[in-house]
Amino acid sequence: MGIKFLEFIKPFCAVLPEIQKPERKIQFREKVLWTAITLFIFLVCCQIPLFGIMSSDSADPFYWMRVILASNRGTLMELGISPIVTSGLIMQLLAGAKIIEVGDTPKDRALFNGAQKLFGMIITIGQAIVYVMTGMYGDPSEMGAGICLLIIIQLFVAGLIVLLLDELLQKGYGLGSGISLFIATNICETIVWKAFSPTTVNTGRGTEFEGAIIALFHLLATRTDKVRALREAFYRQNLPNILNLIATVFVFAVVIYFQGFRVDLPIKSARYRGQYNTYPIKLFYTSNIPIILQSALVSNLYVISQMLSTRFSGNFLVNLLGTWSDATSGGPARAYPVAGLCYYLSPPESFGSVLDDPVHAAIYIVFMLGSCAFFSKTWIEVSGSSAKDVAKQLKEQQMVMRGHRETSMVHELNRYIPTAAAFGGLCIGGLSVMADFLGAIGSGTGILLAVTIIYQYFEIFVKEQSEMGSMGALLF
């Protein structure tokens, strides 16, 4: 059934725009250049406002998710990477449930990737329509059909650009993937801004700076009671404070520490005697994929809940999914869930919120740990990183595990890889929850994504350096 499904969509995949694989090896300097160009295009799109919108000042239901989804309110990057990640989530669940079967051949993998791209474009159109029709840019009846269509076209073209930029890097022209690059850039930008923002906010205590570090020096300079000034700088509510910054640095350090956890399986060459090596199985075997897919799941649930609550406010089933309230204190207007399923799947705002509503905290912990472990374990089956796939790769390289025949390698790898995937996903979820409870800037999920992505780029850089010979050869 799976192959028939992939064959069915093959004609549609043929008309999709595609980046061709490079015909030659791309040098490191060229990869850096293409990565920089990709990032520049993304940042420019983040600053270009959508033409035709009447207003983008309404409460933002996706405020908490924008950092993770690399989206920017009211701009071409309104949707961010959400369509790509959502299509990946859908295809993974379909493949994991054996509704579609993905073979080991390059043809099947190419069809699977094409189907993912096709779904990404369909989801882009769907999300654009939902955003416009729910009144995020003004009343659709007042804007008119022409303006609504124009906004949808802009969002679709921007979504297509993101898809192609991601494919450009994944095909080998740049470093890493577009999704990772955009997420890390957005999160790091948010952390730096929350630490050093010169924007002033009027609070009940007077005018304060948004940036935590600037606010610290401002409060010390303007308050006569220095102890009280320090207390305000460390514990102030609704604005970034020094404790949030310390929690962020602490989570960075913890995640980097866990990145080094791995099991090295001894392997040897089947062709040359005396040639030994190791195959590392990391604790974070599937890296940040579980948390990205979990974020996509929650963000789409938010979209559906917000759309239904706008149209059918007061309906029992809609309220069961989520009820929303607006908040404007300490920043831009944002909508947040106050009851229903969406509320229990959203992170508590602080450790104080955990104590106020322990049931909310408990459900959130179970959801985060369970979903991350599930996504991590199912991802290895569709991404070519299962025990069977690894054994096949080792066999192609004429490597075998020491003390095991080729036929028993899959069984031995099965002892480690599924466990590492599930436990690694569990740890990813646990670290994200810890960061949320500590109040880290950019959300626990955001911090975790930033660290894992930066670490991935560090590993890519080291790999390129070893291939080129020296850092001097890399840069000059």
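Glycine is treated like the rest: Cβ placed from N, Cα and C.
Swiss-Prot lists 2-33 (among others) with the feature topological domain 'Cytoplasmic'. The topological domain 'Cytoplasmic' (2-33): residue composition by secondary structure is 19 helix, 0 strand, 13 coil, according to DSSP.
The annotation topological domain 'Lumenal' is assigned in Swiss-Prot to 54-76 (among others). When pLDDT values are averaged over the topological domain 'Lumenal' (54-76), the model yields 75.
Positions annotated as topological domain 'Cytoplasmic' by Swiss-Prot: 97-117 (among others). Same-chain neighbours of the topological domain 'Cytoplasmic' (97-117): 1-3, 5-7, 9-10, 13, 16, 87-88, 91, 163, 167, 382, 384, 389, 392, counting only residues six or more beyond its ends whose CB sits under 8 Å from a CB of the stretch.
The topological domain 'Lumenal' feature in Swiss-Prot is assigned to 139-144 (among others). Same-chain residues lying 6+ beyond the ends of the topological domain 'Lumenal' (139-144) with a Cβ under 8 Å from its Cβ atoms: 52, 54, 132-133.
Feature annotation from Swiss-Prot assigns topological domain 'Cytoplasmic' to 166-172 (among others); the stated evidence is sequence analysis. Sequence-distant contacts of the topological domain 'Cytoplasmic' (166-172) (same chain, six or more residues past either end, CB-CB distance under 8 Å): 18-22, 26, 34-35, 38, 81, 84, 117, 178-179, 181.
Feature annotation from Swiss-Prot assigns topological domain 'Lumenal' to 194-240 (among others).
The feature topological domain 'Cytoplasmic' is assigned by Swiss-Prot to 262-288 (among others). For the topological domain 'Cytoplasmic' (262-288), the list of distant contacts is 180, 375-376, 379-380, 383, 385, 390, 394, 398-403, 406, 412-413, 416-417, 420-421, 423-425, 427-428, 448-449, 452-453, 456: same-chain residues at least six beyond its ends, Cβ to Cβ under 8 Å.
Marked as topological domain 'Lumenal' by Swiss-Prot on the basis of sequence analysis: 310-354 (among others). Here the topological domain 'Lumenal' (310-354) has Cβ contacts under 8 Å with residues 57-61, 63-64, 73, 134-135, 201, 203, 210, 237-239, 298, 301-302, 304, 360-361, 363-364, 367, 433, 436-439, 443-444 of the same chain, all six or more residues outside its ends.
Sequence annotations record features per position, and here Swiss-Prot assigns topological domain 'Cytoplasmic' to 376-420 (among others). Here the topological domain 'Cytoplasmic' (376-420) has long-range neighbours at 91-93, 95-96, 102, 104, 109, 112, 263, 265-271, 276-277, 279, 281-283, 285-286, 289-290, 293, 426, 428, meaning same-chain residues at least 6 beyond its ends whose C-beta is under 8 angstroms from one of its own.
For the topological domain 'Lumenal' (442-445), the DSSP-based tally of helix, strand and coil residues reads 2 helix, 0 strand, 2 coil. Taken from Swiss-Prot, the feature topological domain 'Lumenal' covers 442-445 (among others), and the record attributes it to sequence analysis.
What Swiss-Prot records for 463-476 (among others) is topological domain 'Cytoplasmic', and it gives sequence analysis as the kind of evidence.
Distant neighbours of the transmembrane segment (34-53): 26, 70, 72, 74-78, 137-138, 143, 147, 150-151, 154-155, 158, 161-162, 165, 168-169, 173-176, 178, 181-182, 185; these residues of the same chain sit at least 6 beyond its ends, with a Cβ under 8 Å from one of its Cβ atoms. Residues annotated as transmembrane segment in Swiss-Prot, with sequence analysis given as evidence: 34-53 (among others).
Marked as transmembrane segment by Swiss-Prot on the basis of sequence analysis: 77-96 (among others).
Feature annotation from Swiss-Prot assigns transmembrane segment to 118-138 (among others).
As annotated by Swiss-Prot, transmembrane segment applies to 145-165 (among others), with the evidence given as sequence analysis. Taking Cβ pairs closer than 8 Å, the transmembrane segment (145-165) reaches residues 17, 19, 38, 41-42, 45, 50-53, 76-81, 83-84, 117, 120-121, 124-125, 127-129, 131-133, 137, 178, 182 in its own chain, all 6 or more past its ends.
Among the features that Swiss-Prot reports, transmembrane segment is placed at 173-193 (among others), with the record citing sequence analysis.
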- prompt: Does the transmembrane segment (446-462) come near the transmembrane segment (173-193), with 3+ Cβ pairs under 8 Å (pairs 6 or more apart)?
  reply: yes
Query: Is the transmembrane segment (289-309) close to the transmembrane segment (77-96), in the sense of at least 3 CB pairs under 8 angstroms with a sequence gap of 6 or more?
result: yes
Query: Of the listed stretches (118-138, 173-193, 355-375, 421-441), which one yields the highest count of Cβ-Cβ distances below 8 Å with the transmembrane segment (241-261)?
result: 421-441
Message: Same chain only, please: residues at least 6 beyond the ends of the transmembrane segment (355-375) with a C-beta under 8 Å from a C-beta of the stretch. Say none if there are none.
response: 92, 286, 289-291, 293-294, 297, 343-348, 422-423, 425-426, 428-430, 432-433, 437
